[in-house]
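Chemist: For reference, TrEMBL lists these features for the protein:
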type	residues	note
SIGNAL	1-20	signal peptide
DISULFID	C29-C44	disulfide bond
DOMAIN	58-195	domain 'Cupin type-1'
BINDING	N92, H97, E102	oxalate binding site
BINDING	H95, H97, E102, H141	Mn(2+) binding site
Amino acid sequence: MASPTPFLSIFLFFLITVSADPDMLQDLCVADLSSGIKVNGFPCKDAANVTSLDFFSQALANPGLTNNTFGALVTGANVMNLPGLNTLGGLNPPHTHPRATEVVYVLQGTLDVGFLTTANKLISQSLKKGDVFAFPKGLVHFQKNNGDVPASVIAAFNSQLPGTQSLGATLFGSTPPVPDEILAQAFQTSSGTVKHIKTRFQPKK
């Protein structure tokens, strides 16, 4: 009987740093998520209606379920569930963040991490508790728990909403789907193989 796969929990915090999202022009601008106004970010909630709950979240209070394909869960604490972050800037398979650099701090366990440069060079490192590692903005990167116990990290970004594109899910699970022949040619494989891979990325029913 196969032993259980160790899981990886990633807690995400989105923090403003130099040369990131534009500086705010007031003390606070709590996101009005119910507004129909479309801007780069979210319009400000009326300051008279701001409460402490706009800056509070229990999203990271408990570990999430990791019984999925990758044995990992990313729990995001971003502007969508922490509106006070507006204008302030959770194997985690290969993915990119188009709008932010990421820094991870290992809380427990051990991880193998890495990123790929545009010259196709792999920069990788094994991390243990207390270690910090940075992933440059926009580059494909990954984190994998190769230990036999759970691992958790805190990840910080220099954007309030950095965006995430998981390569597998983006290429093989998009709607509408990327044509099989495009993926077959790109990955130098058959359309039949592409169809099989796509079945692994279909939404669970």
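Backbone N, Cα and C atoms are what each Cβ position is placed from, and that goes for glycine too.
Note that TrEMBL annotation is computational and uncurated.
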Chemist: Can you tell me the mean pLDDT for the domain 'Cupin type-1' (58-195)?
Modeler: 82
Chemist: Excluding H95, H97, E102, H141, please set out which residues of the same chain place their CB within 8 Å of the center of the CB atoms of the Mn(2+) site, keeping sequence order.
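Modeler: What remains near the Cβ centre is T96, F115, F135, L139, V140, P162, T164.
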Chemist: Are there any residues at least 6 positions away along the chain from H97 (oxalate binding site) with a Cβ closer than 8 Å to its Cβ? List them or say none.
Modeler: F135, K137, G138, F157, S159, P162, G163, T164
Chemist: Please work out the number of neighbouring Cβ atoms within 10 Å of the Cβ of H95 (Mn(2+) binding site), leaving out its own Cβ.
Modeler: 20
Chemist: I'd like to confirm something. Which of the recorded positions, C29, C44, E102, has a Cα closest to the Cα of H95 (Mn(2+) binding site)?
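Modeler: Minimum Cα distance from H95 (Mn(2+) binding site) across C29, C44, E102 lands on E102.
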Chemist: Counting only residues 6+ away in sequence within the same chain, which have a CB under 8 Å from the CB of H141 (Mn(2+) binding site)?
Modeler: P94, H95, T96, E102, V113, G114, F115, L116, F135
Chemist: Among all protein chains shown, how many Cβ atoms are found within 10 Å of the Cβ of E102 (oxalate binding site), not counting that one?
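Modeler: Excluding its own Cβ, the number within 10 Å is 26.
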Chemist: Which number gives the other C-beta atoms within 10 angstroms of the C-beta of C29 (disulfide bond), all protein chains shown included?
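Modeler: Excluding its own Cβ, C29 (disulfide bond) sees 21 Cβ atoms within 10 Å.
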